[in-house]
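**Q** Let me begin by handing over the structure; questions about it come next.
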Amino acid sequence: MKKITLALSAVCLLFTLNHSANALVSSPSTLNPGTNVAKLAEQAPVHWVSVAQIENSLTGRPPMAVGFDIDDTVLFSSPGFWRGKKTYSPDSDDYLKNPAFWEKMNNGWDEFSIPKEVARQLIDMHVRRGDSIYFVTGRSQTKTETVSKTLADNFHIPAANMNPVIFAGDKPGQNTKVQWLQEKNMRIFYGDSDNDITAARDCGIRGIRILRAANSTYKPLPQAGAFGEEVIVNSEY
């Protein structure tokens, strides 16, 4: 009788352990949630384009004026903005209204900015075409600036193609870039922000989105493609 009892106990223990093991295997894990083919295939309906496709779309067209935003479009300039915030207003964005910050940012701090690879490709393409290149930024204007030289040097822009940076500034309720796009008769404008795309649309020209890097200090990140605009693939760097 004792042997039978021990045998039954062993069977029960084995069943319990096996059930526990199966439960561990089959229970969903919050640490490793997994995925499926449907989720992997899901994509936002965005009009993606490459630099090569943009160049091809311009085949046969004469040289034109094209424009670029600066911050997060051609330069990853977060290091300067990060330093500005820590120096002038650690607990707020008030540093963006401080002329002392803009004097620093526009006169040397872009030496810490990283040129974006997508900008190199685009600017090289437009230089080959003989296009006139403008940079229109929302930065505040300062008495002096070295941004124009920094951009010309970083992207090897010939003097014949390069124009001085336009500091459009920032005015509440107003898209300050519109008048410059119109005045310089730009036909394409590249930018990372919604304001860049809407400025181009307000002027009836082609606005092309460049992705803002995920680690940019400029948050929140915009919804690229939200206006049905072209968005350049792999343009976050």
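Note that Cβ sites are derived from N, Cα and C of the backbone, with glycine treated the same way.
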**Q** Report the candidate from LYS97, LYS104, LYS177, LYS184 that shares the substrate site with THR137, GLY138, as recorded in Swiss-Prot.
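**A** So, going by the record in Swiss-Prot, that would be LYS177.
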**Q** Select one of ASP192, ASP194, ASP202: the residue that Swiss-Prot places in the Mg(2+) site alongside ASP69, ASP71.
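**A** Looking at ASP192, ASP194, ASP202, the one Swiss-Prot places in the Mg(2+) site next to ASP69, ASP71 is ASP192.
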**Q** About how far apart, in whole Å, are the alpha carbons (Cα) of GLY138 (substrate binding site) and ASP192 (Mg(2+) binding site)?
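**A** Answer for this pair: 12 Å between alpha carbons.
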**Q** Looking at the recorded positions ASP69, ASP71, ASP192, which has the shortest Cα distance to THR137 (substrate binding site)?
**A** ASP69
**Q** Closest of the recorded positions to LYS177 (substrate binding site), Cα to Cα, picking from ASP69, ASP71, ASP192?
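**A** For LYS177 (substrate binding site), the closest Cα among ASP69, ASP71, ASP192 is found at ASP69.
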**Q** Test of understanding: give the count of other CB atoms lying within 10 angstroms of the CB of ASP71 (active site, proton donor).
**A** 24
